[in-house]
């Protein structure tokens, strides 16, 4: 299968008054055609910054992509000019965000916001764009499409707005959809609708999805392949079933154990002790060592590399799986 | 059964919608619309619902952060909404609130130790000199250290702030703690820590909780009895085992089936509800759930279903059960 | 239980390194890094020192009229020349600065005092108290400040108020037009603070009103007050200058920067004796700018809503 997106050794740093934050530190992620890859991790692990780097949204004086390649369709997105990037953004790569309310312009009717990219990227006439927009609104499961076409964002609920965002995102048949916590702000019953719909659209159009979430339940439902991030680093990745059934990294294990599951009762929840380290005071070490029950002396001084284990696609960055070290 | 610690009878809380130049009231948001339940001492009662269900308003009306519109709220047999300002202030230490947002619920300009200890002073529970010891003791029991006493909230992470909020409530030795989505702003690994802390404190202090949450898996883990709310009405209450094993209301069933489970490729019979949650300012007639209910009949559109006892302390408001 | 205690150990190991600092010391550290704001502050301090200490070293402080040295251009003897009555402009400039700065500072203090107390009362108690205070403030705000000041100034002259007490009355006048805006700002801040969750927490904890007001609300109000107060000194200095320029504020022989410029209100002085009006003009201009730059810097570090 062809790779749609190839993030290769990406590093994105933020320069603050107190020091440099390595928000994304040497991260490689590959998304194949028609595949859903989930980046999972807690706040501050760099999952959203990775997505923003792909979209070229890291701008301004404080943040900068300092290293790496973002391969899309044989081109390195980081080498493209702003104009070239604009023809790709919203056209071949689309993005939806956590807060649909703030991503739509409150003073423009919904219809206009859907037709604009159609007219710009697909060169449709106004009339054609309107027809296509109404078709799209129907496709995302909204029945009164004509009526919605003329309404304003504040007249719709959060779930409806997220549907509209998805309609805009898929309007130009993107090859890749980046979804940054698309259902976090929504209620569970609405989340179920949106996830169902995303899966359906993906199957029909063979689009790739890069889904960013903190919810392991959503990951299990959506992902083909999972990337676990911690403090700006990928600590583990693999096929979803393999990773959930046989997590290798102590962090992944802890994360999976600490989530209560419906109809699987336990007396005491497992919890990972401590908290995420301050990104300003990271030293050469495994960034998880302070919270790890299996911490060894090497973990405090050297950073483990992401390596394949057990001849499968699963990769883990942990000294426990380095030959000759775990035994010592 | 012993005397309930909290008794909520036919509680209503309507918020007026004002508009126009004269600020006239043009309608009401029926945030809580005729709700009854009781909480026994030592139990954890879970209140579940989606946004607009009025679950937080119930919690805040019990504490009289909002004045009720109708009905009554009894705490240890005393009607909280009939108390004078002075009496209310005296009873406040016995019922405490823990907030969702660990950032906005702590005053950024008050030291952690003072934030926890000041209520002890105001209620004359301890002398000035005794406060530090007591606060340090509570800090320790909440997984914090004594040197955190002189710090300011901005120096703490979200999880630690939530511990501070819990310590602030516990220091008064309350009987009831109302926790309003206390873990939903936290990361998964921190969530588990706080949930365990809630458990641990209940075991050691014999606390009673009203635990408000939208997350059914957390509620199942912590609560002994659960009430399911939708648009200001109680749809179903039952013990935890009963509710999860034998949910009767179609809304409860849909809610349960909608929760994503972290087991990949799991085959599930999911009931995906159609449409959106209606606005509580203009709720549907009859059964409020009929607009989204896959089994709705003509009767559901017209008649409000009675909240009935169906055995095993299981109550449900549905015509079809 | 074992997980509990290990959590404690782990978390304490982690944040022992964190520095103990209050929001104040943090803000001040940030302010010190803002070079522009600090240069504003240093300029204002130097200006104060010059005005209050400078004249002590001048031989011309008596302000006597010297017919032999009228309208002299700047020289070594008279650094900024002399005016039409032969008085040393430099000395008068510094003496005028004393009055202008005092008036600015004092009327700011007074209007902040009135405005913040009334605004806090209105915002805290709401209801009828709020209505009365805010309607009065609205009324005063609907009439532009300068016309009121002109009318009041004209009345001062009409009633032949003694020259010595005019300075104090000008201060009162300036605070009279200054407080409504402040009251409004403080009330708004108070209303939004009341709705914050930590104030709800204070209610649930059953804290006394006194503690809620003094330990929770006021400390959150101070940063805003300091910023607004600083910025309003500049405004007060300007208003005083305008009044005095029109002869409606502090009047000669007491010098202020405003009435010094007024003494150059004819074309001859304007063209031939620029040392009469350029120095006071520059003093007003630079002081107000320095205060505003410093105030903006303060706002950046103290008022989180204005963060970029």
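Numbers here mean position along the shown chain, with the first residue as 1.
Heads up, the Cβ atoms here are built off N, Cα and C, so glycines get one too.
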TrEMBL annotation of transmembrane segment - which of the ranges C:14-35, C:36-57 it falls on: C:36-57
Where TrEMBL places transmembrane segment among the ranges C:251-274, C:275-298: C:275-298
Where TrEMBL places transmembrane segment among the ranges C:73-93, C:136-156: C:136-156
Other parts of the chain folded back onto the transmembrane segment (C:168-186), taken as Cβ under 8 Å at six or more residues beyond its ends: 103, 106-108, 110-112, 114-116, 118-120, 122-123, 133-134, 136-138, 140-141, 145, 148-149, 152-153, 156, 161, 221, 224-225, 228, 232, 235-236, 239-240, 243-244, 249-250
Positions whose Cβ lies under 8 angstroms from the transmembrane segment (C:36-57), at least six residues beyond its ends: 91, 94-95, 97-98, 101, 283, 286-287, 289-294, 296-298, 300
